[in-house]
Amino acid sequence: MDFHGTTVLCVKRNDSVIIASDGQVTMGNTVLKHNAKKIRKLYNGQVLTGFAGSTADAFTLFERFEGKLETYKGNLLRAAVELAKDWRTDKILRRLEALLIVADKEHILIISGNGDVIEPEDQVAAIGSGGPFAFAAAKALYDNTELPAKEIAIKAMEIASKICIYTNNIIITEELS
């Protein structure tokens, strides 16, 4: 059975970095949970993370990523690249189905199981089924308003929840400021 239902958005503006997700977990066409937490802080609260995909796979990747952060003393880029290398080459990790967004005060990165570590050109990134909708809304708000990162993230997530059936309007946020 396929699990769907995640939208994770990260916005950086001025000295604030915010990550937001919806709370819906769906199996097939059934909503199983409305308030799941798909985001967390790692490395003594200095790194934000969020996932789209299988929950068990995501937690495995969170643990691995946190280990890489410890090994590389909080160097987000190095930890992300090393995780992506492991994810791509390890026979067991290779089967994990998830995408991660990770961010610190300087960088926002998307990490995939294909070995990709992508730093968006803009200060906005999104993953998951509602990711394209949240990204478009956040980008429009970022480019055309002076709203703070948190307001942009919340408004964009609300818009995504009205378009994507796998995204709800119970929005959970974490912030670095």
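All residue numbers here begin at 1 and follow the chain in the order shown.
Any Cβ shown, glycine's included, is placed from N, Cα and C.
Annotated in Swiss-Prot:
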ACT_SITE  Thr6  active site
BINDING   Ser161, Cys164, Thr167  Na(+) binding site
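Annotated features, which come from Swiss-Prot, shown on the structure.
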residue : record             : Cβ neighbours (10 Å)
Thr6    : active site        : 29
Ser161  : Na(+) binding site : 22
Cys164  : Na(+) binding site : 22
Thr167  : Na(+) binding site : 30
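DSSP classifies Ser161 (Na(+) binding site) as helix under the three-state reduction. Thr167 (Na(+) binding site) sits 6 Å from Thr6 (active site), taking the C-alpha atoms as the reference points.
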